[in-house]
Amino acid sequence: MTSGPTSSTKVTEADSPIESSECESIAVSRVEPTAEPQPEWNVAIQLWGAAWDFHQYGLGACFGLIGLVALVTLLKLLKFNRGARQKRVSLVVLSQIVSFGFSRCVFLCLDAYNSKQNVPFAVLNIIWGMGQPCLIAAFMLIFLVLRNALVMKTRFQNWYTPRNIALITIPYFLFVFSSETVVSFFPTYKALLLVCQIIGAVLHLSLAVFYCYIAVLIRQEMHLVRQRSGQTTVRGRRSFAKFKRCIGAALGGFSIGIMHVYSMVSMNRVFSGTKHVDAWPWFAFQTSMRCLEIGMSVLLYVTGIQKSAVVSRVRVDAAPMMHPQAHAKVAWNSQPKDT
């Protein structure tokens with residue numbers, strides 16, 4: 001009679017190492033492909049409850065909506081402004097937002113962070129890698145557009161060639177996408193992920209500083225306009241709108257850059273050897289990052305669709321701003337002379 005429970009106990013004891021080893025192998029398989037520590041999904045998902053559903057499907061739907069709106073605007077630009085040279089920057093920025101929005105939407109709604117393990121992590125990591133560099137590339141391109149429009153003025157029309165745009169957007173995209181792909185298939189190459197984190201933090205913080213510089217230039221332009229006219233003009237209101245967008249971009253860049261630094265030193269230390277992180281801090285970090293990305297996507301979309309109108313006015317109303325003496329000379333020569 002005692003043999004039954006004893007044997008069952010022995011079987012349980014014999015099976016328990018196998019089960020524990022299987023659980024450990026599953027945990028390792030969840031951690032190793034990302035090269036970053038993750039929460040214990042079974043416990044964390046129950047702990048988060050409806051907040052996790054909002055993170056997956058609510059934020060995923062927001063990204064999808066942004067991508068859809070950007071796609072519709074992109075198609076309209078292609079249809080009604082075909083061949084317009086000044087539309088190139090807007091087309092590139094919108095295409096980056098489309099790629100970013102749809103890739104984030106698919107990633108979150110399909111199998112967020114490989115929490116369900118319904119999709120091979122290599123596939124998810126490629127989807128993530130497709131969108132990862134798009135936001136920073138659009139962020140960088142719009143900065144250069146604003147900077148060149150304010151500094152180069154009349155020469156700006158010759159700047160935004162396909163070659164210059166490609167030099168800005170393609171190298172970083174290829175590096176991040178290839179790094180994410182390599183790490184997804186070879187998780188031991190964690191140094192690539194760390195390099196991507198460092199580059200992302202440096203770029204966001206640097207661009208935030210540069211956007212502050214652009215905001216200062218726009219502020220000076222607004223002051224000159226106010227001194228000339230003595231009242232708020234349409235041009236002054238446009239400059240103030242650009243000023244607000246630059247401040248928003250700077251704040252967003254600083255926030256994302258600081259979050260990247262926090263991720264490297266605390267949350268997602270790739271060389272720490274930690275397999276799991278606390279559920280709520282990880283959830284708060286990821287949700288904050290996704291919300292910042294949504295906000296930056298909306299800001300870049302609004303800025304991108306207005307670039308064409310701003311660029312088309314550069315020759316007309318910006319050049320006299322930087323050359324008041326030349327403007328005065330033209331006005332003097334245009335006056336009728338006494339014979």
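Just so it is clear, glycine is given a Cβ too, placed from its N, Cα and C backbone atoms.
Bear in mind that the values here come from a model prediction, so they are computed numbers and not experimental data.
Feature annotations, courtesy of TrEMBL:
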- 1-11: compositional bias 'Polar residues' (COMPBIAS)
- 33-308: domain 'Proline-rich transmembrane protein 3/4' (DOMAIN)
- 1-22: region 'Disordered' (REGION)
- 57-78: transmembrane segment (TRANSMEM)
- 90-113: transmembrane segment (TRANSMEM)
- 119-144: transmembrane segment (TRANSMEM)
- 165-186: transmembrane segment (TRANSMEM)
- 192-218: transmembrane segment (TRANSMEM)
- 245-262: transmembrane segment (TRANSMEM)
- 282-303: transmembrane segment (TRANSMEM)
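Pairs of Cβ atoms less than 8 Å apart link the transmembrane segment (90-113) most often to 57-78, out of 57-78, 119-144, 165-186, 282-303. Contact check: the transmembrane segment (119-144) against the transmembrane segment (165-186) gives at least three Cβ pairs closer than 8 Å, residues 6 or more apart, which meets the contact criterion.
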